[in-house]
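Listed features, source TrEMBL:
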- 39-89: region 'Disordered' (REGION)
- 49-62: compositional bias 'Basic and acidic residues' (COMPBIAS)
- 77-89: compositional bias 'Basic and acidic residues' (COMPBIAS)
- 177-346: domain 'Tr-type G' (DOMAIN)
- 180-328: region 'G-domain' (REGION)
- 186-193, 232-236, 286-289: GTP binding site (BINDING)
Amino acid sequence: MIKIRVYELAKELGMTSKDLMEKMEELDLKVSSHMSSLESEDAEMIKGLFEEEKEGKKEKKNSNKGKAMKVKNNSENNRKKDKKQDNDKADNIIEMGGTIIVKDLADKIGIGATQVITKLIGLGVMASQNQSIDFDTASIVADEFGFKVIMDKVEDEEDIEREFDLDFEDDPKDLRPRPPVVTVMGHVDHGKTSLLDAIRKTSVTTQEAGGITQHIGASIVNVEGKKVVFLDTPGHEAFTSMRARGTQVTDLAILVVAADDGVMPQTIEAINHAKAANVPIMVAINKIDKPDANIDRIRQDLAEHGLVPEEWGGDTISVPVSALKKEGIDELLEMILLVAEMQELKANPNRKAVGTVIEAQLDKGRGPVATVLVQKGTLRVGDMVVSGSASGRVRAMFDDKGKNVKKAGPSIPVAILGLSEVPLSGDLLYAVEDEKTARAYANKNKEIVREEQLRASQKVSLDDLFEKIQLGEIKDLNIIIKTDVRGTIDAIRQSLEKLENEEVKINIIHGGVGGITESDVMLASASNAIIIGFNVRPTLNALDIAKHEKVDVRTYRVIYDAIEDIKSAIKGMLEPEYVEEVIGRAQVRATFRVPNVGVVAGIYVQQGKITRNSIIRLLRDDIVIFEGKVSSLKRFKDDVREIASGYEGGLGLENYNDIKEGDILEAYIMKEVER
Ligand code: GDP
């Protein structure tokens, strides 16, 4: 039987769920929430009644009256049964649009975002609590917790797209073949850049020769008259961040493995990312020119990681190449075409364009420049476009050779000018009908971005922990510990658990051996945790992400220090960190002995200023003789707060009389810095 939810019915009737529920209560049709579902008969009856009401007022045409009266009798019986079902059902069903923010999903399931993130990492998806995941991913995660997700009308980015009518399914008969889009991935130094270079050079046709390839983040290569598009993603970061944003641009991943090195950590990461994205992997075994190259050993390695080479009966194509000597490149390209052909990649070129921003920056002369990979339709100069909170009319487009182009079809990367601001890579870009639609869409996205920023700024850090505890905002302090040896984790765990008090509960949500990685930061961000490292450091990537996600990462060499820090943070006594800031320099030109005061120096300020509250470092022949506070500072007879550069004055030092002519006084203050 077809059921309808209360809020859906409310929408149909053009009223709020709350009003509808009140009306239903009047009719003795009580439901537990706006998510409760109604038997279609009940729904019909309600509709009928409302229509009657309207008619009564407006005297409009008669519609469901008879029907409504007839079903009313039935409804009485159905109601009780329904209510029971509602409670069971509504409790285990999560409604979402095309995407859902991780934190929202966790809230709906009724668990911590951490648990969702942990599951996601297990699936090879890296997303912080404020990032969105797609419907399929959400389904898998929800399923693990006994929930089912269904598509809903709740407004999210995709719904905005729908609301603005930006995208639509194409009729299969409109689809035409399109070039494959390829990403090169692999461990650092295995030759990704060299391979891309070699590929570009091999394919340079005579008329292009001499032309300089522009850096637009992607390039088109001609293989036997067919196009192959290569993305210049350095490593797989861009690839991953795009996936985290729910967009996917790659059709094929080329995994570069150095024949003299083998499968390395980033190789495995690349494999996992490609697998999670369902992107086929082809392997380029590079550096075969090296004397210690061992192709068989690499194939063995690959097989161990689930990529069984064709030669051994598997389905992974592996092509030995030398990017340096340009060997095997043609064969690799041929294989790429072959795999692409089997994928039957198609898109409709005759429609308004939809693409993904793969790179964007602000150019001093030209304003925001975005490289867009067109995925559907054809993008043209003059088109009105929107991407996230950026909008504008395409003023000019350039291809990967830096040539001015007027249009770009599916799979073609182009740099476009004319956007109002720099969009984010991974954001979708749509060609739209008019400026009004573009503006409205961009504004709506601005709101979403603002909300996300707001949420990101509410992360916990040791510095404001006490305040948050006091405000009642924090009850749990989540901590991730990374150490150089396993034993340390338990030691810290035990000490930290002793710190718990009534206000705060300490949860060690993850402990591990090794450096602080991106996943650690993602997990921390997702679960609003702080990260503590012992004798380990964050990777550069992890640092970047921590900054962006506002995750507090602290490293220590002594356990005691960490425990003390956390202890004082909980108690609200965390000492702010200070750095010294030199504010001025003065020379002692004369000294005077003042009865009952001591020695006062006649000074000339050479640089900056000397203030009453600064600390003075007394230098004699560049050697620090004394450091201490200012006891008096005067200009002529008056006490002053500061003496600026170019002026003279008198200065006394607290508990120090041995000032000599020619001494240099360096003044500094201790400035509090954010930790
Ligand atoms: P990426 O970090 O993966 O982009 O690696 P690069 O392309 O920067 O290459 C790393 C190093 O390996 C460079 O010094 C290259 O010259 C060298 N290299 C790349 N391909 C080959 C190759 O086929 N043979 C040899 N002998 N060296 C190569």
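Including glycine, each Cβ sits where the backbone N, Cα and C put it.
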Residues among the binding-site residues D189, K192, I288 that border ligand 1 - Cβ under 6 angstroms, in sequence order: D189, K192
Local confidence of the prediction over the region 'G-domain' (180-328), expressed as mean pLDDT: 82
Counts by DSSP class (helix H/G/I, strand E/B, coil) across the region 'G-domain' (180-328): 45 helix, 38 strand, 66 coil
Residue among binding-site residues G186, D189, K192, I288 with least C-beta crowding, 10 angstrom cut-off: D189
